[in-house]
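> According to TrEMBL, the feature signal peptide maps to 1-25. According to TrEMBL, the domain 'GH16' annotation covers 22-216. The annotation active site, nucleophile is assigned in TrEMBL to Glu102, Glu106. Residues annotated as N-linked glycosylation site in TrEMBL: Asn110.
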Amino acid sequence: MGFLSRTSSVLVVIISCCLVGVALAGNFYEEFSLTWGGPRAQISNGGRQLSLSLDNTSGSGFESKKEYLFGKIDMQLKLVSGNSAGTVTAYYLSSKGNKHDEIDFEFLGNLSGDPYILHTNVFSQGKGGREQQFYLWFDPTQDFHTYSIIWVPHHIVFLVDNTPIRVFQNSESIGVPFPKNQPMRIHSSLWNADNWATRGGLVKTDWSKAPFTAYYRGFNSIDFPNSSPSPSSKSFSDGNWEAKELDTKARRRVRWVQKNFMIYNYCADLKRFPQSLPPEC
C-alpha cells in the first residue's frame with residue numbers, strides 16, 4: 001500500500017471515530033416551524049441560523065416539528081445586545097394543556113452594562129414555582145454560547161457551555177411530580193415583559209432601541225429512547241449524558257456555579273415558604 005493510500009485509510013478511521021456519538025447540527029428549515037411574529041422570525045444561511053426580533057408591535061417565536069420524550073438538546077444563542085431591558089428571550093421544552101410539563105431557560109434583559117439574568121424553572125402537571133436564577137460568567141451578547149437541557153427519568157440537568165448549573169432530581173418517592181410521561185416540543189420566543197422582567201418591572205422597554213434581535217444556530221438533539229440509564233464506563237463529565245448521577249467533577253462544577261453566580265433559589269426562600277420549604281428541597 002502506498003503512502004497516499006495509507007494516509008487516506010488513517011484519515012477515514014480518524015473521521016469515523018470522531019463522528020461516533022456526535023449529533024450533527026440540525027437544519028432550522030427541517031427541524032422547526034416559525035409560529036408567530038411574521039417577518040420578525042427568519043431562517044437564514046441555508047437553514048443554519050435563525051433570528052427572532054421584537055418591536056413595539058410584536059415579538060416572534062418558533063417551535064420544533066418533533067416532540068421529545070427524554071434526550072439532550074443543545075442550542076447556541078447570541079442574545080439581544082445593548083439596552084435589552086424589558087425583553088425576555090425564552091428557550092424551553094413544553095407539552096400542551098392545563099397539566100402541562102415544561103423545562104425553562106429564560107434570559108431576562110437588562111440595561112446596557114448590567115448583566116443578563118438566566119432564569120430556570122421546571123413545571124410538572126401544570127405546577128411550576130421551582131425557580132433558580134443566575135448571572136452568567138461571560139457576556140452572552142458578544143458571541144454564541146451553548147445552552148443545553150438533559151432530560152432523563154431520574155433527573156433534569158441544565159448546562160451552559162457544557163457546564164452543569166442546575167440539577168432537578170426526580171423526587172416522586174416523596175410525592176413530588178416529575179415530568180416523564182408527556183412528550184414536549186422545543187419552543188423559543190422573544191417578547192416584551194417589561195411589567196416584570198427587569199428589576200421587577202421598574203425598568204421599561206426602550207422602544208427607541210427596537211428592533212431587538214436574538215440569534216440561534218448549532219441546534220443538536222440526542223434521543224434517549226430507553227427509560228433506564230444505558231450501561232457505560234464513561235462518567236457524566238466524559239459525555240455519558242444518561243448517567244444516573246453526576247460524577248465528582250460535574251458536581252464540583254455545579255457547586256462552583258451556584259456559589260459564585262446563583263442569585264435566587266426557591267429552595268432558600270424562607271419569606272416565600274415561611275412554614276416549610278418544598279419537599280424536594
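The backbone N, Cα and C atoms fix where each Cβ goes, glycine too.
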> From the Cα of Asn110 (N-linked glycosylation site) across to the Cα of Glu102 (active site, nucleophile), what is the distance in angstrom?
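With the alpha carbons as reference points, the distance is 25 Å.
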> Any idea what the model's mean pLDDT is for the domain 'GH16' (22-216)?
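Within the domain 'GH16' (22-216), the model's average pLDDT equals 95.
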